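According to TrEMBL, the region 'Disordered' annotation covers B:1-35. The transmembrane segment annotation in TrEMBL covers B:47-74, B:111-132, B:144-164, B:193-216, B:254-274, B:301-322. The annotation domain 'ABC transmembrane type-1' is assigned in TrEMBL to B:107-322.
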């Protein structure tokens with residue numbers, strides 16, 4: 001395992017980058033590009049592999065497609081044939097949702113919550129991880145264990161008292177009351193993923209920076225943040241998506257409709273318009289777009305970051 | 001992975017900190033008193049540690065640890081959520097919980113879900129990861145698509161699936177259209193079926209996460225091993241069984257841990273698809289839906305806190321047992337701060 005991690009930061013990054021596109025990177029290093037003799041039996045199995053992959057993808061996407069395509073139908077179409085395709089395609093549901101103010105208000109709330117949570121998690125998590133990874137002091141292991149133990153306490157367990165705490169500091173019905181707990185509960189994962197990244201920064205760089213008169217904090221700001229970028233992006237995306245999708249906490253904290261985030265909005269919308277199935281489908285499919293786009297842009301980073309964490 | 005110790009010799013505060021008895025682990029602000037006798041530099045270091053780790057620790061203690069402690073306190077009261085908690089009831093909340101048949105049911109459902117999640121998702125995810133770890137055209141596209149359900153929020157998943165599975169929904173419509181109308185079912189409210197419906201949805205939603213995790217683990221296995229085995233004439237499946245799977249062990253065990261804990265905490269999907277009333281009649285209630293129904297929704301915050309404590313204790317016991325007997329060999333050395341022995 002050790003062997004695959006190069007010892008310079010540049011090497012570390014490039015290994016991570018290699019790993020992003022999966023086995024292709026390994027292949028490039030591991031064996032010559034031209035097909036060798038051993039590849040023949042693999043070739044034969046490939047048709048089966050593709051078939052399985054296609055079936056799986058179809059199963060994975062069918063419900064999503066049902067939501068998106070269903071939004072293009074009318075309620076009478078849905079009633080007559082629940083499993084049919086739009087005929088004709090009907091844009092009205094989507095137009096109604098997009099031109100209504102409710103949807104955009106919730107998009108704004110969700111965006112604020114997700115962006116602030118992400119920056120908070122990354123900033124606090126990076127600083128704490130730096131201490132755990134690169135400072136030598138008694139209690140470092142305890143500090144790490146305290147955060148790691150947080151993995152065992154998902155938000156569901158603490159939700160009732162958390163609600164009471166948020167209420168008593170006057171953050172009910174405000175996004176702050178959602179953001180702060182989200183940051184706190186995202187810290188364990190963040191720290192567990194970031195610590196190996198920070199440990200992998202070679203000591204030589206640090207020493208060179210110190211010799212050049214850089215303080216430890218200066219080293220942190222100037223070098224660490226940049227060198228840990230792959231890990232930072234991974235935890236940032238995970239935090240963003242978790243916040244974007246979060247339901248239980250906003251359910252407890254946000255009580256008036258103006259402050260709703262999208263998940264609460266989707267649920268409120270679907271109970272309010274429970275007879276208007278087509279519109280509910282349109283609203284639902286619009287609400288999942290941002291997370292999907294965000295994820296597909298950064299998917300390779302997530303896999304890269306997880307690889308680092310699993311190996312670390 | 002090799003952990004490089006970062007100590008710069010003249011900065012080493014380790015011996016010095018012996019006297020302060022782990023002062024660095026208490027909430028740093030207020031910063032540790034400079035009790036250092038020998039080196040000024042160690043005082044600066046401690047200040048840095050406090051400055052860097054302090055905010056994270058503070059937020060973590062305030063919003064993760066403190067609420068759990070508070071739950072322990074309010075669990076002893078019959079409290080409606082406003083004013084001071086004065087109606088001390090001792091252990092009555094806990095006795096009520098432990099004697100409530102609907103809590104037993106919820107606990108049983110959680111257990112079923114935890115076991116079935118491992119049994120259903122594990123083999124499927126391993127198989128998919130092994131297949132996707134081979135050289136495939138469009139591999140990254142396939143990987144993104146498998147992960148899509150995991151990225152979509154539980155609310156969207158719940159709303160979509162519940163519309164699809166209604167008695168006059170798309171699934172029954174589809175069965176009708178292909179001439180299998182006899183198979184149409186009341187997927188959601190039939191108590192014999194509902195938990196299986198839930199398992200299908202859970203598998204669909206979370207199997208992608210397992211696949212991604214396993215793929216990441218698979219990439220840490222040196223290719224030389226499988227190549228050597230292939231040269232010695234081992235078949236693809238022989239290689240997977242004798243080399244890949246054993247080496248994937250740590251990843252599998254971590255995944256199983258996350259899956260079990262996640263199953264015990266299951267809430268969103270059930271609450272959105274079945275709601276608080278139907279979930280108990282359809283046989284899909286979980287401990288957390290029980291907590292929300294009987295705590296917040298009933299206005300009994302004291303009781304809700306007590307349920308949270310019970311849930312917490314159950315999760316903790318499961319986690320400790322799992323760590324003690326399953327994860328032990330993986331984490332040995334990882335938490336001791338000198339983790340350089342691994343790998």
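In case you wondered, yes, glycine gets a Cβ from its N, Cα and C as well.
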Seminar exercise, completed: If you count CB pairs under 8 A between the transmembrane segment (B:111-132) and each of B:47-74, B:144-164, B:193-216, B:254-274, B:301-322, the winner is B:193-216
Problem set entry | Maximum Cβ pairs under 8 Å to the transmembrane segment (B:144-164) - stretch from the list B:47-74, B:193-216, B:254-274, B:301-322 | B:193-216
Seminar exercise, completed: Contact set of the transmembrane segment (B:254-274) with the rest of its chain, CB cutoff 8 A exclusive, min separation 6+ beyond the ends, reads 110, 113-114, 117-118, 121-122, 125, 154-155, 157-159, 161-162, 188, 194, 198, 201-202, 205-206, 210, 213-214, 282, 284-289, 292, 311, 314-315, 318-319, 322-323, 326-327, 330
